[in-house]
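Feature annotations, reproduced from TrEMBL:
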type: BINDING; residues: A:Arg94, A:Gly120, A:Asp199, A:Leu200, A:Glu234; note: S-adenosyl-L-methionine binding site
type: COMPBIAS; residues: A:15-30; note: compositional bias 'Basic residues'
type: COMPBIAS; residues: A:31-42; note: compositional bias 'Basic and acidic residues'
type: REGION; residues: A:1-42; note: region 'Disordered'
Amino acid sequence: MAAPQIPHLLSLRGGHGRGRGRGRGGHRFGHHESEEDAAAAKDHVVQATDGDASGSRLSAVELGYMDDPFARAFHYEQDSPRRYPIINRGTYVRTAALDHLVTRFLSAFPSQPKQIISLGAGSDTRWFRLVLADPSLAHRLVYHELDFSTNTSKKIAAMQNRPFVWKVFKDSLPEGVLEKISENGTRLESPSLNVHPVDLRDLAREGIPASEIPTSLPRLPNLDPDVPTLLLSECCLCYVSPEITVSILRTFTTSLIPRRTPLALALYEPIHPHDPFGRVMLRNLATRGIDLPTISTFSSRRLQKSRLEDAGFEGGQGAADVGWIWSKWVEETERERVGQCEGGLDEVEEWDLLAGHYCVAWGWRDGDGGEEESVFWRAWGELDGQEDEVE
Amino acid sequence: MSDLDKAIALLRACRLIPENQVRELCYKARELLIEEGNVVGVDAPVTICGDIHGQFHDLMELFRVGGDVPDTNYLFMGDFVDRGFYSLESFLLLLCLKVRYPDRITLIRGNHESRQITTVYGFYDECLRKYGSANVWRYCCEVFDYLALGALVSGAATNLEPTSATLADTFVDTDDSQSSTPATDYADIDIEVLNANNEILSRYRRRDRDPLMSSSPVRGGMSGSNGAPRAAGAAGTGATADSGGSASNDGGAVLCVHGGLSPLIDTIDKIRLLDRKQEVPHEGAMCDLLWSDPDEIDGWGLSPRGAGFLFGADIVKCFNHRNDLSLIARAHQLVMEGFKEMFDATIVTVWSAPNYCYRCGNVAAILELAEDGSNAGFARSNGDAGRSRGLPMPMPMPMPGIGPGGLQGQGQGQGQGQGGGGLIPRQMDIGHRMAPGRRYRVFEAAPQDSRGMPAKKPVADYFL
């Protein structure tokens, strides 16, 4: 079981120095007298959440909830964590929901070149799963993963160390084209998959002291400003302040991907922090040193949608919580199959609580083409979302 | 100090007893439980508790709020183990108390008292981790097989006994015309809700039926939680609970069972006829009793849990009428307010694991049923002939086979309603027995760090 771990991160409590924490891998974890060290320690905690995600994914895969031949390769610990059924089902729904949005995007005008930018991708396996299922996809999809360098170097090393993973990647490259890996192993560049070592806060122009704004944006090789682009943020943008989140998104919607180009964002974040479950959730995460600075601002499905609209995704927005997605998006046969994975789910009431506190939200802009040519309108325009909360 | 008292002292301190003692304890417990019928007779006064789920420190809080064993007569409706980090300490303590004070504590089986479920939800792993082998898990599972499937509480007063409790600042009385004092006449008080500090939070009179429990009666940690608790109520129900009495003055018995009813069981006698000494089956009457849930439906429905059934108000009212019951008390479902009455107070869910799984943010409750003075000494023939009236007299370690249940037999159910089911109630909405007065004590999770307990704070999983 995963649960019986004693939190060894308690010592991190109270490190509220919100310095920029320009962690470039050189920070030592454990003693943090200075504010900079405290910020680095916090960054470390956020970086380490990737292990939670990969562990949950491996648990769900090993128990038959979902199929992912890459789950083991990208879980960097030796253990095989086993999560409770409620967490496994949640992992399944989270993955299925984002896959659903991604698949609909890729299937709209299928021959059109497309781009996906995954923020805080960490150990995510989505690109590998997509390309394994349809190798031809690699020729019309440019995929970018952004994360802290500590996470990107682990990912690239894991790719290189697993022959079958490496082969999937190599097979995705056009004849005679070689990938480029930086000397320190933190950056991968290729026409198909790119892994960029980026502290997302370096993309923010506001919400931070002017003196700390880098003069130039981080380098994102192979980023194409002209193809329809989907931004993914699975529990990523919730770890920085609302101002910085807004600013990071503005950099994408205005500078990196100009307004003429169709652009969308699909995100997965916790919501409803103010009810009893939500309050305990924040308290429990705080004991692990994890803050969720945006959750009070984007605290509901309704506010998540309006946040997307405010960020320039004016073509349309939708949102649904995990419980709703489970009952509305997941096919009945699939619900039955998943429901039986561990001999049924006894945590029915708890599931309703937990699943009501995680939300998938999506929004898009059409770009210059207008609605009828809009890839996102075609992909998501008729997608069913959940009604807003009654507040 | 006997070995058993030493074991109790150790376990109360949240420390484990050696494996050989566990083995002996389980053996003695089995000797005791084997003598109990499938439906144990229990006399009021009794304090009825729902799921514990290994939340040891909260079990200690429950004893603080409800009174200690043997001073208080307890009935635990199962799910002692799984989910929490101290299933062993919790279950072994309850088992020790059962062996030490067999007349003062009743344990019935929950759906988690099962080999299959405990391998998924944590108890098996906890046994391996704490004892290094599966032996203790095996001993405990053998005890599980002997736990009764239900209990029948008789002699509960229709009126609440006055308490010395004071009114909480937030006290809510449904009768505005009266000045609210603690010494108010209890004659028509149907429900009283108290907090962990013995302060009365709210009180509901038998006469006024409507507003009552429809808004969360529980204050404290719950206030301002705008609807979230309700969303967490019984699966698929948005029901507001309300307490409705009836015209009858005659109190009926209270059936306690972990989950609920079964389409295969229309009389309590049929529960008595089951062969319970086995692993919980995947289907059938025994499974249903431990897995089913009440729901706002007509008749029977499929359960989202994949075992047991959903059952509606008509089923409950019919069953209660046929079996001369005033109330069914059950556990099994997390309710944010700690308890939830449904179907005109014919069934109540009691949940006793606060902040369930260290994550859910709910409060817990226990249900106290007082003794009906007028019924004193009246022996009900529900199989409890040998059961003492709950004198707080601790028994020494009983010899195997000479437990208090020595005379209990199965199948002495002639006093229970109309027996084998010839009689169909003419009308569902009349004639059900007046529910006993219910005193709920609501409590929050124990502050682990401050109690001198070895507090290993568990980590709840979230998606990150």
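Backbone N, Cα and C atoms are what each Cβ position is placed from, and that goes for glycine too.
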For this session: Determine the Cβ neighbour count for A:Leu200 (S-adenosyl-L-methionine binding site): the number of other Cβ atoms within 10 Å of its Cβ.
Result: 21
For this session: Sequence order please: the binding-site residues A:Arg94, A:Gly120, A:Asp199, A:Leu200, A:Glu234 that have their Cβ under 8 Å from a chain B Cβ, otherwise just none.
Result: A:Arg94
For this session: According to DSSP, folded down to helix, strand and coil, what is A:Glu234 (S-adenosyl-L-methionine binding site)?
Result: strand
Seminar exercise, completed: Simplified DSSP label at A:Arg94 (S-adenosyl-L-methionine binding site) comes out helix
Exercise. Within 10 Å of the Cβ of A:Glu234 (S-adenosyl-L-methionine binding site), how many other Cβ atoms are there?
Worked result: 25
For this session: Return one of helix, strand or coil for A:Leu200 (S-adenosyl-L-methionine binding site), based on DSSP.
Result: helix
For this session: Could you tell me the maximum Cα-Cα distance in Å between the residues recorded as binding S-adenosyl-L-methionine, namely A:Arg94, A:Gly120, A:Asp199, A:Leu200, A:Glu234, rounded to a whole number?
Result: 24
Problem set entry | Local Cβ density at A:Asp199 (S-adenosyl-L-methionine binding site) - other Cβ atoms counted within 10 Å | 20
